[in-house]
Amino acid sequence: MSRVGGSEEARCQAALGILASLCQGQPPPQGLDLETCRSFEQQPPERSPSSADTGASVSLLAVVVIVCGVALVAVFFFLFWKLCWMPWRNKEASSPSSTNPTLAAPQSPSLSPRDTMADKVKDPNALGFLEAAVKISHTSPDIPAEVQMSVKEHIMRHTRLQRQTTEPASSTRHTSFKRHLPRQMHVSSVDYGNDPPPAAEQPTSIGRIKPELYKQKSVDDEEGKNEAAKTCGKINFSLKYDYENETLVVRILKAFDLPAKDFCGSSDPYVKIYLLPDRKCKLQTRVHRKTLNPTFDENFHFPVPYEELADRKLHLSVFDFDRFSRHDMIGEVILDNLFEASDLSRETSIWKDIQYATSESVDLGEIMFSLCYLPTAGRLTLTVIKCRNLKAMDITGYSDPYVKVSLLCDGRRLKKKKTTIKKNTLNPIYNEAIIFDIPPENMDQVSLLISVMDYDRVGHNEIIGVCRVGISAEGLGRDHWNEMLAYPRKPIAHWHSLVEVKKSFKEGNPRL
């Protein structure tokens with residue numbers, strides 16, 4: 001239909017064009033009236049409806065495009081205002097002095113820069129400005145030195161207040177402990193905020209005293225370690241328990257590769273046998289002349305209930321017999337656990353290395369105590385539970401034992417505390433708690449010396465034996481201390497063997 005309408009319109013237009021050209025001719029052709037031509041010329045030509053519709057649609061499209069463009073520009077300016085203008089305006093309002101100091105100066109011409117900085121120091125809400133001032137203090141010569149010092153003092157004071165609100169306050173009980181500590185332990189680190197600390201200066205060794213260079217190593221300790229590492233041959237023995245007679249049968253079989261103690265290059269060995277802690281019952285083998293590989297093959301019987309075997313130790317001492325002088329000790333073997341090889345229901349052969357020794361080791365007994373540390377309170381509690389098989393120090397065959405605990409720091413005794421005295425016993429029971437106040441940061445510098453003493457009414461009290469616990473201790477003493485630190489607020493109890501005090505022992509410088 002659109003094609004048909006278009007063709008008719010074209011025909012009409014062509015017809016009108018022909019009619020107009022005919023009217024313009026002189027004279028007009030036949031059939032055309034002059035009035036008709038004039039009236040045709042006076043009528044304006046009609047616009048094509050299709051061209052009018054086309055112009056209207058183009059105008060409408062232009063209007064829509066313009067409106068969309070204006071809307072996009074408005075959205076762009078709104079986003080720019082929200083994202084850029086508002087944060088920058090807030091930042092400028094929060095710290096106008098730090099971002100534009102030249103503009104802040106004319107607003108208060110009556111105040112000097114020093115007064116302005118002092119007011120900032122007094123303001124508790126200006127901590128960000130103070131930290132910025134500290135950071136630029138090395139590059140900005142406009143800030144006076146006095147103001148810089150006041151800024152640092154304010155930051156330090158603010159940091160202390162924050163620590164008091166987050167960390168537990170140190171107890172006044174620790175003041176007496178810290179008064180005795182060396183000077184290097186009182187160095188406190190100051191936190192100047194969350195900024196990374198400045199690079200520390202590399203210390204030089206010129207002009208500095210190194211205490212470790214002045215510590216004298218004990219020659220006796222080194223010799224003792226070397227001697228303890230020596231082995232003086234091997235010994236072969238067997239153990240069996242006789243359930244019918246309730247006796248422990250110890251059979252000494254032979255020894256091998258013993259050291260020569262005589263000038264002729266041989267020895268005259270024999271063996272002493274103890275079942276500790278009972279030293280009154282002492283048995284020994286026959287002496288074998290001029291041999292380094294003796295074969296004993298002798299049986300020894302110790303009457304003891306089966307239930308007590310877990311608390312007994314077998315002590316073998318090998319000696320060299322001398323007819324006209326004191327017998328020389330070759331070495332010793334101590335079997336702490338009689339059930340190490342078997343349950344003793346059948347005879348079991350055991351080989352052991354003979355450890356070097358110059359004298360028989362004396363069994364001084366054992367002490368049982370527990371350790372418990374509370375980090376929040378800085379409190380160390382040592383509970384003395386009991387002792388067993390202590391050495392008899394009196395003529396009556398008993399002792400009057402009590403326990404003395406000393407708190408040591410770098411070889412110096414800071415405090416000491418004692419338990420009550422138990423009369424006429426070798427197996428005292430105490431169950432007494434001894435408390436020391438030690439800050440958590442000083443736990444690595446301290447140790448405890450536990451001494452079991454024999455009380456004498458007349459004369460000096462004698463030391464039965466000692467043991468030590470701490471980071472600097474050895475063996476079970478160090479393990480017990482580490483276990484206590486690993487499990488805070490939990491009592492950790494262990495048995496500790498007592499050892500002799502060396503001749504070089506002093507109350508202020510104990511060496512075990």
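Each residue, glycine too, has its Cβ placed from N, Cα and C.
Just so you know, TrEMBL annotations are computer predictions that nobody has curated.
Quick look at what TrEMBL lists:
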| type | residues | note |
| --- | --- | --- |
| TRANSMEM | 58-81 | transmembrane segment |
| REGION | 93-120 | region 'Disordered' |
| COMPBIAS | 93-113 | compositional bias 'Polar residues' |
| REGION | 159-184 | region 'Disordered' |
| COMPBIAS | 162-174 | compositional bias 'Polar residues' |
| DOMAIN | 231-352 | domain 'C2' |
| DOMAIN | 363-496 | domain 'C2' |
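The residues of the domain 'C2' (231-352), classed with DSSP into helix (H, G, I), strand (E, B) and coil, number 6 helix, 67 strand, 49 coil. Summarised as a single figure, the pLDDT of the domain 'C2' (231-352) averages 87. With DSSP classes pooled into helix, strand and coil, the tally for the domain 'C2' (363-496) is 14 helix, 67 strand, 53 coil.
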